[in-house]
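Novice: Let me give you the structure first, and then I'll get to my questions.
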Amino acid sequence: MTRLRKIIHVDMDAFYASVEQRDDPSLRGKPVVVAWRGARSVVCAASYEARVFGVRSAMPAVRAERLCPDAIFVPPDFARYKAVSQQVREIFLRHTDLVEPLSLDEAYLDVTEPKSGMELATDIARTIRAQIREETQLTASAGIAPNKFLAKIASDWRKPDGQFVIPPQRVDAFLLPLPVNRVPGVGKVMEGKLAARGIVTCGDLRQWALIDLEEAFGSFGRSLYNRARGVDERPVEPDQQVQSISSEDTFAEDLPLEDLGEAIVQLAEKTWNATRKTERVGHTVVLKLKTAQFRILTRSFTPERPPESMEELRDIALALRARVDLPADTRYRLVGVGLSGFRDKEPVVQGELFEH
């Protein structure tokens, strides 16, 4: 009989903004937005005081300013965030060696066989959160469940500064009424497609056969089928290394190529901010486009050295747009900007612009 796993997903609360408020007492209790100012900037993080006004990470900074005119904008300091993240990671490692960081502010922990000797995963999560608070003066939320999928959902249930457990015997009761938009990978576009088929909850999803979901949604259909049943066999992988990072945007209305510039700029900044959470560098810039007819194109470029700034990434992505050779009247429903070929910093050989 397979032993049930005990998985914890720990998510720091408004991490970047909370670090800024911790280090500058004048910011405490005020709406803080971590972002560079400017028409092309995007929000890296928002304090809970700013979130009350609808400010969210990854939204354009100009929109955040409109939503919350009194917000205090603070430029991100990734070196400082990385240092705090390392403190938190050392706390995790006191309890288990099976720690899979997802970014600077969140990680999965497999505590099926913990170092600390504590039997209950809820006690381990509570202890970890207390240690984080005591040693960093920051708060974290945690989800405890039999697998990664459920633990990640649970960590958002009692935010901020709380924890929530989904025991094995309660998985069905938890999932059946759960809205499908809480399932990772189900964004607004997919949510609309599911709703058009009468699928609003995971309980609705369970009424569909696997073959029908795969026919309707391709390979993602299998993921939907499994998640609706609480199935996720993915292990916690401590040595997992980032191979690619990308950001995508699906438009409400299809756009011509010349109108994609603003989206490319914002996605380049979002991707760049995500890469700052890793210790490696991406060498190849990738531009992804999907036409109104659902044709997917990618254009990529590997420069002599990896991009060293958001501006370099942005400029290469914009240059790749000029390499798209479809008819001028082609319209696009999705654009993505990414970095791939991640590796440790080392000299690289000049690449060439190429198309897929």
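Any Cβ shown, glycine's included, is placed from N, Cα and C.
So Swiss-Prot says this about it:
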ACT_SITE  GLU106  active site
BINDING   ASP11, ASP105  Mg(2+) binding site
DOMAIN    7-187  domain 'UmuC'
SITE      TYR16  site 'Substrate discrimination'
Novice: If I restrict to non-local contacts, at least six residues apart, and a C-beta distance under 8 angstroms, what lies near the residue listed as 'active site' in its own chain?
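Specialist: Correct list: HIS9, VAL10, ASP11, MET12, SER155.
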Novice: Would you report the average pLDDT that the model assigns to the domain 'UmuC' (7-187)?
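Specialist: Average per-residue pLDDT within the domain 'UmuC' (7-187): 93.
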Novice: Three states by DSSP: which one describes ASP105 (Mg(2+) binding site)?
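Specialist: It is coil.
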Novice: CB neighbours of TYR16 (site 'Substrate discrimination') within 10 A?
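Specialist: Within a 10 Å radius of the Cβ of TYR16 (site 'Substrate discrimination') lie 28 other Cβ atoms.
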Novice: Please name the residue among the binding-site residues ASP11, ASP105 whose C-beta has the most neighbouring C-beta atoms within 10 angstroms.
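Specialist: Ranked by Cβ atoms within 10 Å, first place goes to ASP105.
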Novice: Could you round the CA separation between ASP105 (Mg(2+) binding site) and TYR16 (site 'Substrate discrimination') to a whole angstrom and send it over?
Specialist: 8
Novice: Give the three-state DSSP assignment (helix, strand or coil) for ASP11 (Mg(2+) binding site).
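Specialist: The three-state answer is strand.
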